Amino acid sequence: MLNPIVRKFQYGQHTVTLETGMMARQATAAVMVSMDDTAVFVTVVGQKKAKPGQDFFPLTVNYQERTYAAGRIPGSFFRREGRPSEGETLIARLIDRPIRPLFPEGFVNEVQVIATVVSVNPQVNPDIVAMIGASAALSLSGIPFNGPIGAARVGYINDQYVLNPTQDELKESKLDLVVAGTEAAVLMVESEAELLSEDQMLGAVVFGHEQQQVVIQNINELVKEAGKPRWDWQPEPVNEALNARVAALAEARLSDAYRITDKQERYAQVDVIKSETIATLLAEDETLDENELGEILHAIEKNVVRSRVLAGEPRIDGREKDMIRGLDVRTGVLPRTHGSALFTRGETQALVTATLGTARDAQVLDELMGERTDTFLFHYNFPPYSVGETGMVGSPKRREIGHGRLAKRGVLAVMPDMDKFPYTVRVVSEITESNGSSSMASVCGASLALMDAGVPIKAAVAGIAMGLVKEGDNYVVLSDILGDEDHLGDMDFKVAGSREGISALQMDIKIEGITKEIMQVALNQAKGARLHILGVMEQAINAPRGDISEFAPRIHTIKINPDKIKDVIGKGGSVIRALTEETGTTIEIEDDGTVKIAATDGEKAKHAIRRIEEITAEIEVGRVYTGKVTRIVDFGAFVAIGGGKEGLVHISQIADKRVEKVTDYLQMGQEVPVKVLEVDRQGRIRLSIKEATEQSQPAAAPEAPAAEQGE
């Protein structure tokens with residue numbers, strides 16, 4: 001009854017298997033894709049009919065990781081998977097971005113893609129596997145989809161591009177780039193790099209696109225064997241007469257409105273034109289569909305902006321194609337934060353802060369590929385007021401998570417190593433105004449805030465968003481795009497980096513036919529823009545401050561004998577807990593004996609260091625210590641010396657005469673001088689008050705003659 005159809009092929013160093021017809025046969029299509037023991041099960045369900053009045057394409061992509069895939073039980077209270085993690089959200093976006101532009105315009109039937117990770121090899125990341133699975137399932141489904149796409153990860157090791165590097169290889173790589181595209185064109189790039197050149201980045205994109213052709217070929221072969229018939233879907237016929245009537249009423253007026261350079265004024269005027277046009281048309285014929293009229297107006301609006309750009313006219317806000325909007329850069333804008341900056345580019349503004357914490361503040365991520373600790377956190381917030389709207393405020397949405405991750409990638413390459421700067425760093429970008437490329441404003445603001453906080457970043461970084469308008473062979477690359485240019489253009493191309501090279505590159509291409517030459521022009525134009533922004537930023541702050549904020553914790557590092565770690569921690573953490581309370585510091589101990597003491601007050605840190613040195617000091621036989629009586633027993637007393645170490649003063653060692661009752665001589669908490677008589681092989685300490693007293697008396701005696709000699 002079950003008749004699986006399987007296709008195997010070699011993809012770089014991995015073997016990929018595509019299998020369909022075995023599971024989820026009630027879904028529109030389902031594929032199990034495996035790559036060296038990492039397996040992702042991808043299903044697609046498409047509704048045959050669109051909902052009445054549906055005016056957008058409702059595509060949903062869900063990516064979910066099951067802990068059983070790694071042979072683990074979830075660590076949560078309920079012991080089952082909950083809402084998507086940040087990593088799952090990012091991979092869902094990674095799948096969504098290259099497939100969305102391949103559905104035909106006018107197709108508004110609901111489509112859901114669900115990718116479930118069911119087995120994982122710690123060396124093979126499931127994201128590429130899931131992207132291949134989504135492409136295969138959509139291609140098999142018969143849903144109108146102009147795919148398939150291929151997906152590849154590209155690394156750069158020893159000056160060589162590496163296809164789909166393993167997790168271990170990625171640690172050595174200067175590049176982590178994911179590229180997806182059809183047979184003819186690149187559609188999406190997502191990457192982080194250690195300041196590589198424009199040519200190296202472009203080479204990686206081209207390499208990945210060439211290598212992924214084997215995926216596309218094998219999906220096409222699988223479709224020939226197991227694909228469902230293509231849906232008989234046709235776009236709604238275009239009402240040419242209505243289009244012409246709307247254009248006659250609105251086109252010239254919209255063209256004039258798009259000469260208004262202020263965003264709010266322009267939006268207000270465009271809204272008036274649209275409202276008046278729709279009202280006029282409905283008065284002429286009340287059977288017209290208002291949504292349809294809105295779509296026609298949007299198409300005219302798009303055409304107006306695009307044709308002006310292609311004709312070489314000034315852009316919406318009056319700029320030339322490669323001009324950057326006016327910049328305003330300020331640092332130290334918030335008095336009690338560790339570092340802060342306000343970065344404004346035209347009508348886009350980001351208030352960015354940097355906060356320093358200890359290793360205890362690092363985020364522990366329990367991921368499918370294994371547990372890891374993140375000491376650099378980047379959070380991006382996009383409140384509704386930034387675009388003059390009202391809306392829900394709460395947990396971050398997919399877009400905020402994606403933009404935060406991109407901005408983090410832009411800064412990551414210049415962050416100092418933990419051994420040089422042992423702080424956990426959190427950057428938060430509050431977008432206070434937005435009109436295009438707020439993620440790149442966040443990169444610029446983060447660089448400034450980190451320098452203001454005294455974080456020794458390797459170089460300043462800046463980011464820029466590029467756009468593209470293309471008709472036939474005629475194209476124009478735009479620098480520093482506005483929100484409108486992003487929506488109406490054919491490409492969104494974000495580049496972040498330093499003067500030396502690129503740290504992050506993200507591309508989303510909405511059309512086919514973007515050539516290597518066009519990408520080269522865009523990258524070179526972006527470099528010029530990046531250097532211009534860095535020049536303005538350097539006028540505000542050109543190097544990290546020499547010292548961290550007075551409000552930031554200072555981390556002092558000392559080394560102790562690893563054998564003494566247990567003494568500093570104490571039974572059940574009792575000693576270290578008491579130490580932190582007593583000194584008002586945060587103390588962290590590593591397995592190699594490295595102790596990090598964090599305090600905002602230098603005196604508190606010195607006190608903590610002194611106490612740790614006391615605790616870890618070797619007890620010297622014959623030395624006299626001042627100790628405190630901690631316990632009294634019939635045969636003597638226990639006295640704490642040298643940082644919590646406890647020794648026994650036998651009843652015979654309390655005084656130089658016979659002692660009947662210990663409490664006649666000693667009380668709890670009493671401070672007494674004690675001499676160390678012996679430390680046995682088990683670490684037990686024998687003490688004597690009697691000998692300490694005898695020793696201290698003769699020691700003081702010779703001072704009198706010395707004083708006499710001095711007289």
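Each residue, glycine too, has its Cβ placed from N, Cα and C.
Per Swiss-Prot, the features are:
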- Asp486, Asp492: Mg(2+) binding site (BINDING)
- 553-612: domain 'KH' (DOMAIN)
- 622-690: domain 'S1 motif' (DOMAIN)
- 689-711: region 'Disordered' (REGION)
- 694-711: compositional bias 'Low complexity' (COMPBIAS)
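For the domain 'KH' (553-612), residue counts in helix, strand and coil come to 32 helix, 16 strand, 12 coil, using DSSP. Sequence-distant contacts of Asp492 (Mg(2+) binding site), defined as residues of its own chain at least six apart whose C-beta falls under 8 angstroms from its C-beta, comprise Ala465, Met466, Gly467, Ile481, Asp486, Gln506, Met507, Asp508.
Taken residue by residue, the domain 'S1 motif' (622-690) breaks down under DSSP into 8 helix, 35 strand, 26 coil. Counting Cβ atoms from all protein chains shown, Asp486 (Mg(2+) binding site) has 17 others lying within 10 Å of its own Cβ.
Note on the domain 'S1 motif' (622-690): mean pLDDT across this stretch is 86. Classification of Asp492 (Mg(2+) binding site) by DSSP places it within a strand.
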